[in-house]
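Here is the structure we will look at.
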């Protein structure tokens, strides 16, 4: 069974309560339940964490080494400027998939830049909460394609 660390960045815990026109009405708890249900179907064990703190997110990324087979991360606002999170992603050997609920490329100019994406295996953006589900399938695909 593959082990995946899911990291939600700042303010993701308010999904369903804030900017519903951007992030939708589904709640943070509902997103996590969706992730757990789909992961079980794919025979993937998930640990879900959320932090509003850059340092805490970095520590979570570091903790994945030798403990998880992949990371799914929504860096949220840190996507656009956190070189520290980018460096943390680069420092681990496990594949990292960046996800976003909204399409960051269809939003404000500053949101169209992802400094973290360059260190990720791939990016899934704009599919609402299903971005996380698609990322689980990407993890499964990576597993199958490398014979793991």
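The backbone N, Cα and C atoms fix where each Cβ goes, glycine too.
The following features are taken from Swiss-Prot:
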| type | residues | note |
| --- | --- | --- |
| SITE | 18 | site 'Transition state stabilizer' |
| ACT_SITE | 23 | active site, proton acceptor |
| BINDING | 74, 80, 87, 101, 102, 111 | substrate binding site |
| ACT_SITE | 100 | active site, proton donor |
Reduced DSSP assignment, residue 80 (substrate binding site): helix
Number of Cβ atoms other than its own within 10 Å, given for residue 101 (substrate binding site): 23
Neighbour count (Cβ, 10 Å) for residue 102 (substrate binding site): 18
